[in-house]
There are 2 protein chains.
Amino acid sequence: MSNTSEDNITVRFVTENDKEGWQRLWKSYQDFYEVSFPDDLDDFNFGRFLDPNIKMWAAVAVESSSEKIIGMINFFNHMTTWDFKDKIYINDLYVDENSRVKGAGGKLIQFVYDEADKLGTPSVYWCTDESNHRAQLLYVKVGYKAPKILYKRKGY
Amino acid sequence: MSNTSEDNITVRFVTENDKEGWQRLWKSYQDFYEVSFPDDLDDFNFGRFLDPNIKMWAAVAVESSSEKIIGMINFFNHMTTWDFKDKIYINDLYVDENSRVKGAGGKLIQFVYDEADKLGTPSVYWCTDESNHRAQLLYVKVGYKAPKILYKRKGY
């Protein structure tokens, strides 16, 4: 287990050089959710993250001592009929299994909050599996569970 | 109670002339959710619905016999990191209390499914209150409950 303490973690937007590190976590994240996306979706996403005209971003948590990328968060902007301002949806959050002790997840979410404030769209939300209690240990500290449930079209 | 049977209901995109009918249901919808939006948000939304450059739409269910607008559905497009294709989110669905017998809700959702298919973004989803079992009587027929829960940033 790497010696990762909170002040040894910095969070920043991805750059072109982070693709490999981001992809490693993006693959582990897919394993966790038991899904498997084509590699070119990685390229498509990473291209969107770096495109200043597309309101989709990714940030990484970096262990300062090793400069290793230990966490990733992908988020984007979308409209809502309930407000003039858009909202920010956190689509993916994943922290390396060996580095889940010192607040990387909380720092990644806070990074999104700060960016959302800068963008003038402070309303941030996300989904998680009902059964993911480990993640919810963090989520109840940084947010609150909305009394909502999700329905999908059959087959999707 | 108006005599509303399913084949007496047609669903179509809103036009400029539908604003009053849409607004009446939009206000009832707000009452149902115990929220209250400023009137100029109605104008802002309706402008977005009619703007061909903005991927936000509204449709209404019309009782053919009376030409009365008895239902509304508002939906929009947004990105996802899980697919090349965008998704469609149904933001609001409301049917007039006096017309909730003959399938207006199901027809409104089917309208969105058909439009989503035409747009090439067939993945449609929505949220509802956990406690809204009446709506879920319909939702389990036209979709399925995803094992997901929603978290929000504190204060939003």
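Note that Cβ sites are derived from N, Cα and C of the backbone, with glycine treated the same way.
Copied over from Swiss-Prot:
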{"type": "BINDING", "residues": "A:LEU93, A:TYR94, A:VAL95, A:ASP96, A:GLU97, A:ASN98, A:SER99, A:ARG100, A:VAL101, A:LYS102, A:GLY103, A:ALA104, A:GLY105, A:GLY106", "note": "acetyl-CoA binding site"}
{"type": "DOMAIN", "residues": "A:9-156", "note": "domain 'N-acetyltransferase'"}
{"type": "SITE", "residues": "A:TYR139", "note": "site 'Important for catalytic activity'"}
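What Swiss-Prot annotates, mapped onto the structure for a quick look.
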residue  : record                                  : DSSP class
A:LEU93  : acetyl-CoA binding site                 : strand
A:SER99  : acetyl-CoA binding site                 : helix
A:GLY105 : acetyl-CoA binding site                 : helix
A:TYR139 : site 'Important for catalytic activity' : helix
(message) Among A:GLY103, A:GLY105, the binding-site residues in question, whose Cβ has the most other Cβ atoms within 10 Å in this structure?
(response) A:GLY105
(request) Can you grab the distance from A:GLY103 (acetyl-CoA binding site) over to A:TYR139 (site 'Important for catalytic activity')? Cα atoms, rounded to a whole Å. (result) 12
(message) Short of 8 angstroms on C-beta distance to chain B, which of the listed recorded positions (A:SER99, A:GLY103, A:TYR139) are there?
(response) A:TYR139
(request) Would you mind reading off the Cα separation of A:GLY105 (acetyl-CoA binding site) from A:TYR139 (site 'Important for catalytic activity'), to the nearest angstrom? (result) 9
(request) Mind giving me a neighbour count for A:GLU97 (acetyl-CoA binding site)? Other Cβ atoms within 10 Å of its Cβ, every protein chain shown. (result) 10
(request) Find, for the listed binding-site residues A:LEU93, A:VAL95, the residue with the lowest Cβ contact count at a 10 Å cut-off, counting only other Cβ atoms. (result) A:LEU93
(message) Across the domain 'N-acetyltransferase' (A:9-156), what does the mean pLDDT come to, as a whole number?
(response) 96
(message) Using a 10 Å radius around its CB, how many other CB atoms surround A:TYR139 (site 'Important for catalytic activity')?
(response) 22
(message) Is it possible to get the count of other C-beta atoms within 10 angstroms of the C-beta of A:SER99 (acetyl-CoA binding site)?
(response) 22
(message) Distance check, please: Cα of A:TYR139 (site 'Important for catalytic activity') against Cα of A:VAL95 (acetyl-CoA binding site), rounded to an integer number of angstrom.
(response) 14
